[in-house]
Amino acid sequence: MTYASRIIHHSKKLRNAPNLLRQEQALLVRWFSHDVQPSSDILKVHRHSYVPSERASGSRSFSSSTKSVSGTFTRDIPMTRKLGSSISGSVFNKQLSCIQAQLSRGLSSDAGLPPHQEIGMPSLSPTMSEGNIARWLKKEGDKVSPGEVLCEVETDKATVEMECMEDGYLAKILRPDGTQGIKVGEVIAITVEEEDDIAKFKDYTPSASGASAPAAKEASEPTPPKKEVVAEPVPEPKVSKPSAAPAATPSGDRIFASPLARSLAEEHKVPLSSIKGTGPDGSIVKADVEEYLASHGKEAPKAKGAAPAALDYTDIPHSQIRKITASRLLFSKQTIPHYYLMVDTCVDRLMDLRGQLNALQEASGGKRISVNDLVIKAAALALQKVPQCNSSWTDAYIRQFHNVNINVAVQTENGLFVPVIRDANKKGLSSIAEEVRQLAQKAKENSLKPEDYEGGTFTVTNLGGPFGIKQFCAIINPPQSGILAVGSAEKRVVPSSGPELYKFASYMSVTLSCDHRVIDGAIGAEWLRAFKGYVENPESMLL
């Protein structure tokens, strides 16, 4: 691996390797096929990666190391020959051709071009199959170094920065800003080692992968002459055209017309004899009367139930996050057997505790704690208490997680994001509040990284506080098995245990969506009971 990296790093020294191999092919064949001493001509190859071994060992070695364009693997092709043995010229020629082809691919994938590297669309998330170029941070001709950001790629979940892996110059951008639907692995840019080589890629187009060689071979072979087939003329079917015959028949003065046409003509006082019929056998139909009225400036009656005017609309293209959200939620509803459990929780004591904690936060200069932060903490502790709900379904087993990572749904202009709060059961309320605030801001700026949203085990979505929704049912976020939908809190009149008959209390409705393959009804109910206990006795969350 080290030797291959050195060879590729100094690839400008190997630019003439294919030409050298072509020129010295006969010489190398003669040397490998006969027991001869290496001449001065053969020793010239030493500068081009031919390394002769010691004479005492009685062997000769020729090695070629090539590096793939993607930079993911190296391949060594050794050819060793003992003195006194012989290799047929045909076999050697075949091996030599293979070496030349691999050297050509390693140094330059297109004939006549200097060494370059094709940069493909990377796979930046486990579910990514294609991506969009949000914008390029480097332009053509810029020098690039390892660790520098080349461009921003919009994946199926967020916008991620794509970094450069090697030194060089950005010679050609093949997919400009805003290009959408680029498949993973598709070439998006070209880099070169030398600045002088940039101009040679002005009109560069990436070569088609795979079938270029077979296609060229097929093109070189003459195509067999095609037999000309003379098609016999097919008689054209006769189409009866509207007859322009007069309304009166040759045998008499009788005029044939449909009842509707007669009624319409009498209504407008039009004699039928002045109208030419286009119906069967020259009879007059309704359309003939309407055409006569229109041609003579008389208004024809409007048809009842005329079609309404066309709708006015705008087609909005799908964003990458919208397409992925749609496909994942459709997959969830089609494959996961949802069921729903609802409960009302009294939040009076929770609101009192929140007021006390916010007073302490303001006094110490900290950020305020929201109701949603308390709900996240209560959900995390309930998952710790009922770990069966902190699980995921697979075809072979049910995976129960030991980490409680809560995804929080955040709605933005770009779509719905679900950043994750890791180990929420072990964090304090102020830490959860600060982390939620930072992740929500990054989601709105479309700058979340994969580690900010991957690895969740349960999801909380809240439409009560921001929008006042009383109750709703959420769709499970696969591969998770549960999601909690939080509604708004409202004041209700409830029976009082004191001297008064009734009192006012604030209740919040929550709905737990469960995957019935993992969470049985009794287990879901047990989790909701634990969650309600933490909400109605919030001091227990601080223990």
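Glycine too: its Cβ is placed from the backbone N, Cα and C atoms.
Among the features that TrEMBL reports, compositional bias 'Low complexity' is placed at 206-217 (among others).
Annotation comment: TrEMBL describes 218-230 as compositional bias 'Basic and acidic residues'.
Marked as compositional bias 'Low complexity' by TrEMBL: 240-251 (among others).
Taken from TrEMBL, the feature domain 'Lipoyl-binding' covers 116-192. Residues belonging to the domain 'Lipoyl-binding' (116-192) score a mean pLDDT of 88 in the model.
For 256-293, the entry in TrEMBL reads domain 'Peripheral subunit-binding (PSBD)'.
Positions annotated as region 'Disordered' by TrEMBL: 204-252.
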| task | Helix, strand, coil: count each for the residues of the domain 'Lipoyl-binding' (116-192), based on DSSP. | result | 0 helix, 39 strand, 38 coil
| field | Structural state census, the domain 'Peripheral subunit-binding (PSBD)' (256-293) (DSSP three-state) | value | 23 helix, 2 strand, 13 coil
